[in-house]
Structure formats: C-alpha cells, structure tokens
Amino acid sequence: MKKSTLLAPPESATLLSQMIQRLPLSDTHFRRISQLIYQRAGIVLADHKREMVYNRLVRRLRTLNIDDFGRYLALLENDQNSAEWQAFINALTTNLTAFFREAHHFPILADHAKRRGGSYNVWSTAASTGEEPYSIAMTLAETLGAGPGKFSVHASDIDTQVLEKASSGIYRQEELRTLSQQQMQRFFLRGTGPHSGMVRVRSELAGMVNFTQLNLLAHEWSLPGPFDAIFCRNVMIYFDKETQEKILRRFVPLLKPGGLLFAGHSENFSQISKEFYLRGQTVYGLTKERS
Ligand SMILES: C[S@@+](CC[C@H](N)C(=O)[O-])C[C@H]1O[C@@H](n2cnc3c(N)ncnc32)[C@H](O)[C@@H]1O
C-alpha cells in the first residue's frame, strides 16, 4: 500500500498539523514566565519544569488563538488587570490532592479538637479541589457533631478553577476510596441516572466549609482567625525559603494558644522558622509555648 493512501485528506491534515504543531518556547520566554509566576504566586519554576509549563500554557494559547509565546506574554504584560492573569496562574499551579491524604494527621486533629472547648476553627491554606477541607470537616463532625457553632473550616487557594470544583462538592465516586462506608453514607449523596458514578457532599457538611480565594503572597489576608489549627500542606514546596519564612511568620498570630500547624510530608517548618517546633509527625506548635 502506498504511504499516501494512509494519509488523511489534505484539509484535515492541515487542521491536524495546526492543532499539534509545536510552538517554540525560547529560553527568554521560559525565563519571563518563571519571573511572572514567581512575582504573582511565589511559585518557583525549575528548568526541568519547562515541558510541563509548555503543555499547560500552550492550551491557553490555543484557546486564545495565539501562536506565539511572545505574543501571549505581551498580552499579559500590557494589561496588569487582564483576566488572563488568573488563567495564567490557574494553568501553572499543581493541584494534586486526595481525601484523607497524609492520613495520620486526622486522628491528631480529632484528639486536639476533643480536648479544646468552644467552637473549633481551622484554616486550610491551599485547599485545592476541596478534598482536604472536606476531610477536616468530616473528622470534626465525627468528633464534635455537625451542629451550628461546633466548628468551621475556612478553605482558601489562589486558583479560582479548583475553588469552583471545591464549592460544587461534586466528585467521582472512585475518588472516595479512602472513606469508610459510614462516612460515604453520612456525608455524601450518590448521583443517579446520568449522574451515576458521581457523588455530592451533603449540605450539612458543605455548610461547615467556606471557600474563598486567597494568595499566600498577598500583603493582606482577610481571614476569620485566629484558628485552632492551620493546614498548610504541600504548597510551601513550590516556594523558596524566603517566601516560606515570611508566610510562617504571618501564621504565628493566626494560631490560638495551643494551636497546631499541619505540614506536608516533605516540608520541615522548624528548619525554616524558629517560631515553630515539631510536636508530632509533620505537626507543629508555637515555640513560645513549648514547656
Ligand atoms: C499540591 S496542592 C495541595 C493541596 C492540599 N493542601 C493537599 O495537601 O492535598 C497545592 C495547592 O497550592 C495552591 N497554591 C499555589 N500557590 C499558592 C499561593 N501563592 N497562594 C495560595 N495557594 C497557592 C495551588 O493552587 C494548589 O491548589
């Protein structure tokens, strides 16, 4: 069989080649992208992230019908208030998360909540698509009950797209594999008909979690603190030491006396800040309260 007979008709071939044509991403453009995301979100993009950056941003270029990274950057830089800035940030954040991720934190949280009086409040500082704050809320509902005033979870992230998913409270059932049958039944509704295979957080639980956009780099944080516990897990890894130090310093007045700070498995806050000491596996307390 001749090779040409295997080819698609000329018009679709042109369309296909336009769709998959690789756009050049020069060193200068990659450096500029890295500077811009660092300035806006504190995210450090190492050289080995170049392919990932290309794949994520090229989708924006295609959506906007732009065939040159230089033109895309000019579009951003010529208008500091352009809505494209948010899309740029959303494209470059990494949002990997899961229900009850780093499971050892949740019995510690339950035990802490049990021992404290009053309404227990938590800040989930990089909530992503909501699995972390809903896991916190399920733990607290099981420990304290879900009535009004028992607890609240304030959940924030810089990425507006993940916050939309988080607020909807809709997940694929297979994403809930780390939950017990009892938790599934108590906290989720199963979809039926065209929604089968999907679940939605029940309103009793959803009502205890409040989602809002917050950039950890912003000069002002509008927060209903201080908090009994702050979850800052798997976000500091994207920042440099200077940014991490600044953020940790700002957490200090936001923790109530005896409050806990939860970190991700590869983050060591006592190495970065003298204000926090390690109390348990990736759980920190305020050094000034250490006895
Ligand atoms: C890998 S996810 C971690 C999610 C969750 N905390 C966990 O441990 O499963 C990191 C999240 O940090 C968010 N993020 C990155 N830079 C941020 C910033 N400057 N301010 C607030 N959130 C940020 C991202 O949008 C992303 O959703």
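Placement of Cβ uses the backbone N, Cα and C atoms for every residue, glycine included.
Pulled from TrEMBL:
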{"type": "BINDING", "residues": "Asn95, Thr97, Arg101, Glu132, Asp157, Asn215, Leu216, Arg233, Asn234", "note": "S-adenosyl-L-methionine binding site"}
{"type": "DOMAIN", "residues": "18-289", "note": "domain 'CheR-type methyltransferase'"}
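This view paints the features noted in TrEMBL onto the structure.
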residue : record                               : contacts (Cβ under 8 Å, 6+ apart)
Asn95   : S-adenosyl-L-methionine binding site : Ser128, Thr129, Asp159, Val162
Arg101  : S-adenosyl-L-methionine binding site : Glu131, Glu132, Ser135, Arg233, Asn234
Asp157  : S-adenosyl-L-methionine binding site : Ala126, Ala127, Ser128, Leu163, Ala166, Phe211, Gln213, Leu214
Leu216  : S-adenosyl-L-methionine binding site : Gly42, Thr125, Ala126, Ile158, Val235, Phe239, Ile247
Local confidence of the domain 'CheR-type methyltransferase' (18-289) - pLDDT mean: 96
Recorded S-adenosyl-L-methionine binding residues, Asn95, Thr97, Arg101, Glu132, Asp157, Asn215, Leu216, Arg233, Asn234 - maximal Cα separation rounded to whole Å: 22
